[in-house]
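Listed in TrEMBL:
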ACT_SITE  LYS203  active site, proton donor
BINDING   CYS9, GLY10, LEU11, GLY12, THR13, VAL14, GLY15, GLY16  NADP(+) binding site
BINDING   LYS103  NADPH binding site
BINDING   GLU188  L-homoserine binding site
DOMAIN    355-431  domain 'ACT'
Amino acid sequence: MKPVRVGICGLGTVGGGTFNVLTRNADEIARRAGRPIIIEQVALRSPNPECDLTGIKTTHDVFEVARNPDIDVLVEVLGGYDVPRELVLTAIANGKHVVTANKALIAVHGNEIFQAAHEQGVIVAFEAAVAGGIPVIKSLREGLGANRIEWVAGIINGTGNYILTHMRSEGRAFEDVLAEAQALGYAEADPTFDVEGIDAAHKLTILASIAYGVPLQFEKAYTEGISRVTFDDVEQADNLGYVIKHLGISKRTEQGLELRVHPTLIPKERLLANVHGVKNAIAIMGDAVGPTLYYGAGAGSEPTASAVVADLLDVARDIATDHHYRVPYLAFSGIGEDDGGLPILPMEDIVTAYYLRLLAVDRPGVLARVATILSEQSISIEALVQKEATEGELVPIILLTHSCREKQMNEAIRQIESMADIAGPVTRIRVESLDEQE
Ligand SMILES: NC(=O)c1ccc[n+]([C@@H]2O[C@H](COP(=O)([O-])OP(=O)(O)OC[C@H]3O[C@@H](n4cnc5c(N)ncnc54)[C@H](O)[C@@H]3O)[C@@H](O)[C@H]2O)c1
Ligand SMILES: N[C@@H](CCO)C(=O)O
Ligand code: NA
């Protein structure tokens, strides 16, 4: 059987892992694919000490790979938006299949890329782009194909979860743990993508398109990161029986789709609350199957390579199939031009419970006024903790509310922040009690 010839563009964390897994497991992979998958060329800027390139054709020009007539599949593992977009479109125009780990590329330029690929009849596969080594795209797109998906919620940024885990378990500072995650190869080239929630929003955008058959709409995702979560919030949440996790959440409602990424309080006993370090987990609710959970390494060299190589196997198996009969890029037939009657909802319309932390002057009547403001917005309080203050100091007040509309909470926070006896901004962390164990 003719081998499938691969060109790898980028030999960093993921590219290096892909090179090594493909080389090390070549025989096993060939038996699975029914033909050998060989590395024909590697485009790199600098050597990767983990990879032995003896006998491999190399280049510094990634576009040489996209135009190389001896290559069947281009693997894009550079990172970024612009060069990868041009590279992938060039490869597609040259009739090559594409495998990428780049969620920024798919979330922002995916609609255009899939259209071009469809016209050329080539495959674009991106399992590594969401939750690294966890085969969540395949599970959602194929394994859950019978279901109407009700919600998807998960920890989908390894770096962020690594930081929250080590802040909680060791009381370490944010910057210190971030530097460690970067050294381990988990973080994006620009780590603000990890800590400000952008990377998770890219991934959630992709998951929502596959779950509900809507076009990729990254620009409509609500995005909030973990950079403002303090050790005090982590401790307060712990005292109340919760763990703070950074979640991507997309729920189907009667009005449309929620698409939001933010720190979230989760009850300690939930499975998602017990996903630590660089591990990711995604809970998906289907109407037929019920709740399901996918867990594993969300970042790192070989775990991510595991997904890249699995996509190469799919390409090797599907290469001879008429492209009209292949699994569609985003699971639904058509390139996602129609939103199936599911618009993405503005953040003001979502309904959730909240954790609030306020700093108040220790004076009678402050708490009563806060309670009145909340009740005027029809927000009821589930729990309240007021810490002891020493004379003249500000006291932290912690509140847990029942569910309300975000719009009402915005108004309540605006009024609370304008009270003379409240110092500084109110911290707000949303609470989710999604029952993935139901
Ligand atoms: N690191 C992870 O755990 C992980 C997991 C899933 C997905 N991803 C995604 O995989 C992609 C790669 O991430 P990474 O962590 O391997 O990054 P990296 O920085 O370790 O590797 C990227 C490599 O590409 C090279 N490169 C960049 N532009 C180039 C060019 N024009 N020509 C030749 N080489 C070029 C860089 O020199 C570098 O070696 C990104 O899109 C990232 O979001 C990473
Ligand atoms: N920077 C990403 C890599 C995996 O997509 C993360 O930490 O999750
Ligand atoms: Na994956």
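In case you wondered, yes, glycine gets a Cβ from its N, Cα and C as well.
Since we're looking at a predicted model, the values are computed, not measured.
For LEU11 (NADP(+) binding site), the nearest neighbour among the listed recorded positions (LYS103, GLU188, LYS203), judged by C-alpha distance, is GLU188.
Here the binding-site residues are GLY12, GLY15, GLY16, and the one with the most other Cβ atoms within 10 Å of its Cβ is GLY15. In the three-state DSSP assignment, the secondary structure recorded for VAL14 (NADP(+) binding site) is helix. Selection of the binding-site residues GLY10, LEU11, VAL14, GLY15, GLU188 by a Cβ distance under 6 Å from ligand 2 yields, in sequence order, GLU188.
CYS9 (NADP(+) binding site) carries a strand DSSP state (E or B).
Of the chain residues outside the NADP(+) site list CYS9, GLY10, LEU11, GLY12, THR13, VAL14, GLY15, GLY16, ILE8, GLY17, THR18, PHE19, LEU44, ASN48, VAL77, LEU78 have their Cβ within 8 Å of the site's Cβ mean position. Taking the C-alpha atom of the residue listed as 'L-homoserine binding site' as reference, the shortest distance to any of the recorded positions GLY16, LYS103, LYS203 belongs to LYS103. All protein chains included, CYS9 (NADP(+) binding site) registers 28 other Cβ atoms within 10 Å of its own Cβ.
The 6 Å Cβ screen around ligand 1 retains GLY10, THR13, VAL14 from the recorded positions GLY10, THR13, VAL14, GLY16, LYS203, ordered by sequence position. Here the domain 'ACT' (355-431) has a mean pLDDT of 93 out of 100. Counting neighbouring Cβ atoms within 10 Å of each of the binding-site residues (LEU11, VAL14), the lowest count belongs to LEU11.
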